[in-house]
Amino acid sequence: MRAQRGLILLLLLLAVFCSTAVSLKCYNCLDPVSSCKINTTCSPNLDSCLYAVAGRQVYQQCWKLSDCNSNYIMSRLDVAGIQSKCCQWDLCNKNLDGLEEPNNAETSSLRKTALLGTSVLVAILKFCF
């Protein structure tokens with residue numbers, strides 16, 4: 001019975017940590033007139049944010065990192081001569097210039113939370129089994 005409760009607790013913790021780990025937020029605008037302020041939470045299969053420019057057309061949206069190459073993006077968006085970047089942290093696709101990973105407290109605290117969560121899960125596994 002004790003092992004069963006431990007397993008249930010472990011599964012609940014995994015669900016919480018896994019759901020927060022894949023919740024990437026990206027700007028989501030097609031050719032914004034001014035700075036894009038609309039953001040969305042990406043689905044788990046879309047693991048990066050795309051910022052692409054073709055002439056005056058701007059694309060900001062969730063994207064699959066493995067599909068982040070110019071030829072694929074041009075064919076998918078049906079445009080030519082595109083400049084694009086993909087990134088993998090929240091709201092990183094504001095513009096082409098700002099696609100460097102931030103070194104701030106928010107990013108650091110997310111990594112610390114993930115490390116703490118992993119440590120807690122290991123402790124629970126050792127305690128219950």
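The backbone N, Cα and C atoms fix where each Cβ goes, and this holds for glycine too.
Worth saying up front: this structure is predicted, and the values here are computed from it rather than measured.
Annotated signal peptide per Swiss-Prot: 1-23, in sequence order.
Swiss-Prot lists 24-107 with the feature domain 'UPAR/Ly6'.
Per Swiss-Prot, disulfide bond is recorded for Cys26-Cys49 (among others). Non-local neighbourhood of Cys49 (disulfide bond): Leu24, Cys26, Tyr27, Cys42, Gln60, Gln61, Cys62, Trp63, Cys86, Cys87, Gln88, Leu91, Cys92, Asn93, each in the same chain, at least six residues away, with C-beta under 8 Å from its C-beta.
Within 10 Å of the Cβ of Cys29 (disulfide bond) there are 19 other Cβ atoms, across all protein chains. Mapped onto three states, the DSSP output places Cys29 (disulfide bond) in strand. Annotation comment: Swiss-Prot describes Cys29-Cys36 (among others) as disulfide bond.
The N-linked glycosylation site feature in Swiss-Prot is assigned to Asn39. Counting only same-chain residues at least 6 apart in sequence, those with a Cβ under 8 Å from the Cβ of Asn39 (N-linked glycosylation site) are Lys25, Cys26, Tyr27, Asn28, Leu91.
Packing around Cys62 (disulfide bond) is summarised by its Cβ count: 21 other Cβ atoms lie within 10 angstroms of its Cβ, all protein chains included. Per Swiss-Prot, disulfide bond is recorded for Cys42-Cys62 (among others), and the stated evidence type is similarity to another entry.
Residues or ranges marked as disulfide bond by Swiss-Prot: Cys68-Cys86 (among others). Cys68 (disulfide bond) is surrounded by 19 other CB atoms, counting those within 10 A of its CB over all protein chains shown. According to DSSP, Cys68 (disulfide bond) is assigned to coil rather than to any helix or strand.
According to Swiss-Prot, the disulfide bond annotation covers Cys87-Cys92 (among others), on the basis of similarity to another entry. In the three-state DSSP assignment, the secondary structure recorded for Cys92 (disulfide bond) is coil.
According to Swiss-Prot, the feature GPI-anchor amidated asparagine maps to Asn104, an assignment based on similarity to another entry.
Cys68 (disulfide bond) is 21 Å away from Cys36 (disulfide bond) when you measure Cα to Cα.
For the recorded site, Cys36 (disulfide bond), the DSSP three-state label reads coil. The two recorded residues, Cys29 (disulfide bond) and Cys68 (disulfide bond), have Cα atoms 18 Å apart.
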